[in-house]
Amino acid sequence: MKFQEGVFLVVIFFLAYTQLVKGQHQPREDCKLKCGNVTIEYPFGISTGCYYPGDDNFNLTCVVEEKLLLFGIIQVTNISHSGHVSVLFERFSECYEQKNETNGTALGYQLGSSFSLSSNNKFTLVGCNALSLLSTFGKQNYSTGCLSLCNSQPEANGRCNGVGCCTTEDFSVPFDSDTFQFGSVRLRNQVNNSLDLFNTSVYQFNPCTYAFLVEDGKFNFDSSKDLKNLRNVTRFPVALDWSIGNQTCEQAGSTRICGKNSSCYNSTTRNGYICKCNEGYDGNPYRSEGCKDIDECISDTHNCSDPKTCRNRDGGFDCKCPSGYDLNSSMSCTRPEYKRTRIFLVIIIGVLVLLLAAICIQHATKQRKYTKLRRQFFEQNGGGMLIQRLSGAGLSNIDFKIFTEEGMKEATNGYDESRILGQGGQGTVYKGILPDNTIVAIKKARLADSRQVDQFIHEVLVLSQINHRNVVKILGCCLETEVPLLVYEFITNGTLFDHLHGSIFDSSLTWEHRLRIAIEVAGTLAYLHSSASIPIIHRDIKTANILLDENLTAKVADFGASKLIPMDKEQLTTMVQGTLGYLDPEYYTTGLLNEKSDVYSFGVVLMELLSGQKALCFERPQASKHLVSYFVSATEENRLHEIIDDQVLNEDNLKEIQEAARIAAECTRLMGEERPRMKEVAAKLEALRVEKTKHKWSDQYPEENEHLIGGHILSAQGETSSSIGYDSIKNVAILDIETGR
């Protein structure tokens, strides 16, 4: 009796020990499962307790650039728990000057004891008159290579057949080889030991030879590109085989780490074993519960003729027929003949009843579905968020209307293409006519993803908080559609871009018009930066976002990229967004956004107003593609007359244009801290207009001008003054800006 109890205790202890050993091989629950785009599968891991503890070769490194490294140097691109891992190996290259040779050193790798080269690789040489060699070292050394010959540019046929490119057809390294090296050499003349074969014509199209390992099917030779510089590719994908330990399945015995519903297989390329899920299971076989049952009935991997007869079971499936049916040899369920007629009648009656019921409830169901869909779109498009933010910002009482989907369709004639006013990065703008014949502009977002929805809600909130005569007025929005719609006032005269560069308008903007437009835009930006309840940076100021009404009054539009700056901050770090040609270079390189970014963009707009040329034009010469550099260079070299638009330049306004050009140059200085604030820019431009008006008035009434300006004005202290200072004009302009509209 005592003997039997002892045997029982030994068995219990053995089972408990076995489970304990297996449990110690399982990773922690908090292990990192991804590095960049690579999923990390156990037994691999990137920290203690996350990889197989019996072998440090499975300890990977995730560097700052989100790259996964093997042995700390080899980048991993994919891990498969079937015993394969994809990595990137460097190429070997050796370049030659004409008639001279540059000696290179073979490139070598030493893999860990758990890894070896897969036979699913090719050893490839690209070059003319060269020989490549790959050698592996282990219990049995192995070498392979190939020869490539050519004295002229090979035909571009995509073949790697020994002319400009060669590859090993049978790549099978010896068992348990984990160290290898490879390289290439140029063929020499056996008579004088020179590189005569490498003549001038070959040097022109093949200055270098390249030897590299690459996974089969991952490289296609192109003689027109690869012989020159291998398309600048320096690393190639290579397949490695891996296994657990250095024992066979039988030798490892109960210490194997194969989980439940998996089997152990001896490695075919080196010592050790791998685990695979049993048939009917899928998952990671190295986890204790990693192999999960595959539901063949759902995954459609069964052979039952009717999916309804499929019944899933653990590790497989069965085809079972319902009561009254028999399973035939083709795995189909059939019913005896005498029962078919009765079933047919029952089916017909049932179908008629269902059709009648469907007709009765169709209308109600359709209405319910339509209402639910509109409600779903409303929430999906941020309706709840918009109402909450409008209320939280104290904007619930503004004249802001929520439009219906039907109203938007009628207003745009079903979103007819003829109603499209313009298209941009944030969406499409349609011309709409409301039931009261009010003409509006309707902006339809391009995509209905979360980022676009946030930008849409952001634009609504920004526009709702701006009350300025030179900012496009928001009227409302529609959130019942798949993509959100924004409704704002319709500006009849197109954009400033159309008037300066487009063919839609036969426009001839005078200097007075252009100066006034510049003053209005500058004043608007100064208001947004300094006088709005929360400072706002537009972030996309350009002529295409400045609308003109019938009186050529400027209206700043498209606030989809704008940013609200907290009162306690002067700048924000954001993802760079804007339009090339107008984008602040300092913001582009640092990601730091502040009001000086709008100042730069406005400076480009002012240059367009002065020159009549586009901010970025690839049709201009290389030195003048970017208007800013072209304009600043002309200003500094006293060549301003070459770039100023002929429609605005004359002797009467030359000084004004020179001053405006100087302001534009100041706005586009490379360093943001050297640019003026928008308030200062607006004041300077306003001073230009005041000075222009003063000169015009003095020319018309010279006697009065002499009396007021040339004479003396009595001061409060009894002294006299004979001039009106620029600072006084500037102060008046600043006061006008800060007051707002």
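Here the Cβ of each residue, glycine as well, is placed from N, Cα and C on the backbone.
Within the set C264, C275, C291, Swiss-Prot assigns C291 as the partner of C277, by disulphide bond.
For the residues N246, N493, the entry in Swiss-Prot flags N-linked glycosylation site at a single position: N246. Bond annotation: of C304, C310, C333, only C333 is listed by Swiss-Prot as forming a disulfide with C321. Within the set C304, C310, Swiss-Prot assigns C310 as the partner of C297, by disulphide bond.
Scan Swiss-Prot for N-linked glycosylation site across N59, N551 and the hit is N59. Noted from Swiss-Prot: C258 is disulfide-bonded to C275, selected from C275, C304. The cysteine that Swiss-Prot pairs with C264 in a disulfide, picked from C249, C304, is C249. Annotation: N246 carries the greatest number of neighbouring Cβ atoms among the recorded positions N141, N246, T404 [cut-off 10 Å, Cβ to Cβ]. Here T579 (phosphothreonine) comes close to D540, K542, A544: these same-chain residues lie at least six apart in sequence, with C-beta atoms under 8 angstroms from its C-beta. For N246 (N-linked glycosylation site), the nearest neighbour among the listed recorded positions (N37, N59, N141, T404), judged by C-alpha distance, is N59. Each of the glycosylation sites N59, N232, N303 was scored by the other Cβ atoms within 10 Å of its Cβ; the lowest score goes to N232. Within 10 Å of the C-beta of N37 (N-linked glycosylation site) we count 10 further C-beta atoms, all protein chains included.
On the backbone, the CA of N141 (N-linked glycosylation site) and the CA of N303 (N-linked glycosylation site) stand 49 Å apart. Here the Cβ of T574 (phosphothreonine) has 14 other Cβ atoms within 10 Å, regardless of which shown protein chain they belong to.
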